[in-house]
Amino acid sequence: MSATLIDGKAFAARVRDKVADHVTRLREEHGIVPGLAVVLVGEDPASQVYVRSKGKQTVECGMASFEHKLDADTPEADLLALVAKLNADPEVHGILVQLPLPAHLDSDLVINSIDPAKDVDGFHISNVGLLGTGQKSMVPCTPLGCLMMLRDHHGSLSGMNAVVVGRSNIVGKPMAQLLLGESCTVTIAHSRTKDLPEVCRRADILVAAVGRPEMIPGDWVKPGATVIDVGINRIDAPEKGAGKTRLVGDVAFDGCAAVAGAITPVPGGVGPMTIACLLANTVTACCRANGLAEPEGLTA
Ligand SMILES: NC(=O)C1=CN([C@@H]2O[C@H](COP(=O)(O)OP(=O)(O)OC[C@H]3O[C@@H](n4cnc5c(N)ncnc54)[C@H](OP(=O)(O)O)[C@@H]3O)[C@@H](O)[C@H]2O)C=CC1
Ligand SMILES: Nc1nc(=O)c2c([nH]1)NC[C@@H]1CN(c3ccc(C(=O)N[C@@H](CCC(=O)O)C(=O)O)cc3)C=[N+]21
């Protein structure tokens, strides 16, 4: 491996330290405790893992964590009523509704019912519009975490060719907006892109957010490029024993690390940064709600 490893786990710990410092100041100087409410509908085991670790890290940073677990068959009206209650609750500064929702629930409707000021995922149409027009918004956590690592590694990103593979509303599109905001020349690739290997080879910054285990091989990477692997894929790992699994990203790590200048691992890359940015967004939302100075360096 010749690439520099971008250690998302260590970076996320530093972000959480900054968050915790600011939380201490809010409590000591203003008597305010930021609160994050996480809503989980159904019993998807992967989602339960994320929700648990979000709750734990929220409390470790000195904030209040409110977890709401609803049955998989919860009627839409009940979920909307819970969101309305959280919107009105002064102890709740951030609301996250874990996605995907069960199929009978309209996720656009639910997300857009969240008070945009409490939308710490940055998925509400108001925040999407604000981000797209370069105005102050809540920035989606995963792309924000990627941006923080890229800025830290490169300083300025101005003029770099960035290729984002994936165009979802939660990762690909907001990632592209942030990179455009940094004056990158941005290409968004997806399942209909012609000659994806050639498109990827033009990237100085390659962000993979596809959901296909190890789909990007080393020979799609420009020598020296920075590779950000957003993918979280659980695959069978018979080498670890019968029935065992392991996590891999959307890039074939060894092959890409041999060519890239820098690369994020999976696990320990973008994932921990996503949760750290969720905590950062909660503090930011709390400060904005109270007309107080926001922590520096924790948003886009
Ligand atoms: N680390 C973290 O914190 C997070 C990780 N993730 C992970 O990131 C990955 C992507 O998540 P998400 O954006 O929600 O996924 P989606 O399924 O919503 O989007 C996947 C995107 O990849 C594109 N795509 C699919 N197949 C190909 C292909 N063969 N070639 C090129 N593009 C393709 C799709 O294109 P099209 O639009 O044309 O269908 C789509 O735009 C997943 O592994 C997910 O688990 C997600 C959120 C947070
Ligand atoms: N409203 C909403 N917002 C989200 O941000 C959101 C969501 N729904 N639904 C699911 C995806 C996925 N996601 C991850 C967060 C952290 C890790 C993470 O910490 N991963 C660890 C490994 C964890 C493990 O071992 O399973 C790592 O990469 O090192 C992964 C994935 C947030 N998402």
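Backbone N, Cα and C define each Cβ position, glycine as well.
Because the structure is a prediction, the values reported are computed rather than measured.
TrEMBL lists 6-121 with the feature domain 'Tetrahydrofolate dehydrogenase/cyclohydrolase catalytic'. The domain 'Tetrahydrofolate dehydrogenase/cyclohydrolase NAD(P)-binding' annotation in TrEMBL covers 140-288. Residues or ranges marked as NADP(+) binding site by TrEMBL: Gly166, Arg167, Ser168, Ile232.
Taking the features listed in TrEMBL, we show where each one sits on the structure.
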residue : record               : Cβ neighbours (10 Å)
Gly166  : NADP(+) binding site : 23
Arg167  : NADP(+) binding site : 18
Ser168  : NADP(+) binding site : 15
Ile232  : NADP(+) binding site : 21
Contacting binding-site residues for ligand 2, chosen from Gly166, Arg167, Ser168, Ile232 when the Cβ sits under 6 angstroms of any of its atoms: Ile232
Three-state composition of the domain 'Tetrahydrofolate dehydrogenase/cyclohydrolase catalytic' (6-121), taking helix and strand from DSSP: 61 helix, 19 strand, 36 coil
Maximum Cα-Cα separation in Å among residues Gly166, Arg167, Ser168, Ile232, which the record lists as binding NADP(+): 16
Structural state census, the domain 'Tetrahydrofolate dehydrogenase/cyclohydrolase NAD(P)-binding' (140-288) (DSSP three-state): 60 helix, 30 strand, 59 coil
